[in-house]
Amino acid sequence: MKRLKYSVLFFSTILAYVIFHITEEALGNFPLFMHQNWGIPNIGYARWLYHNIIFFLPVLMIGFLMYLIDEKRIYLGLGITFWGILNFFEHTFYTIKNGVVSPGFFSSLIFVALAILTMITLAKQKNLTKKIVISSVLTAGVYWLISIALVLTCSQLVAKIFQ
């Protein structure tokens, strides 16, 4: 059996995010969910989608490309996988808190499946260490924080675009 490439596993999280997760959130009216749970004004679909495509996706893609440039920095790729797990935890928290399924919860289960597959693959190839896991979790947090910081920093400019 051919060995799964880490790059395929890491990129699969990005594909699942773009294809399935954003779709499920859109169908579940995620902008309204943000308003109800975080007090963010209902920014509408166009602006919400813009945030995903301009602020979240590029951060993940830059991390992925940096991993491809130097595959020894596996934490950059695995951080993408763990970013998906952070996303899953967020949706799970609000599903439990609100007593109703959070838009994006079901597709976040794909992130969990990919993370399990990735961890098994890394373990089988003796590339799963405590240091890699810790640095990958921290990297996932950095990916999340950079994206949120970009949204907050650019919110006034983006608001003008969508007036």
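Just so it is clear, glycine is given a Cβ too, placed from its N, Cα and C backbone atoms.
Annotations in TrEMBL come from automatic prediction, not curation.
What TrEMBL lists as transmembrane segment is 7-28 (among others).
Residues or ranges marked as transmembrane segment by TrEMBL: 48-68 (among others).
The annotation transmembrane segment is assigned in TrEMBL to 75-94 (among others).
The feature transmembrane segment is assigned by TrEMBL to 100-120 (among others).
Sequence annotations record features per position, and here TrEMBL assigns transmembrane segment to 132-159 (among others).
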Contact set, same chain, for the transmembrane segment (48-68): CB under 8 Å, 6 or more residues outside the stretch: 7, 10-11, 13-14, 17-18, 22, 26, 30-31, 34, 74, 76-77, 79-80, 83, 139, 143, 146-147, 150-151, 154, 158, 161-162
For the transmembrane segment (75-94), sequence-distant contacts whose Cβ falls under 8 Å of one of its Cβ atoms, 6 or more beyond its ends: 6-7, 9-10, 13-14, 16-17, 21, 33, 37, 60, 63-64, 66-67, 102, 104-105, 108-112, 114-115, 118, 122, 132-133, 135-144
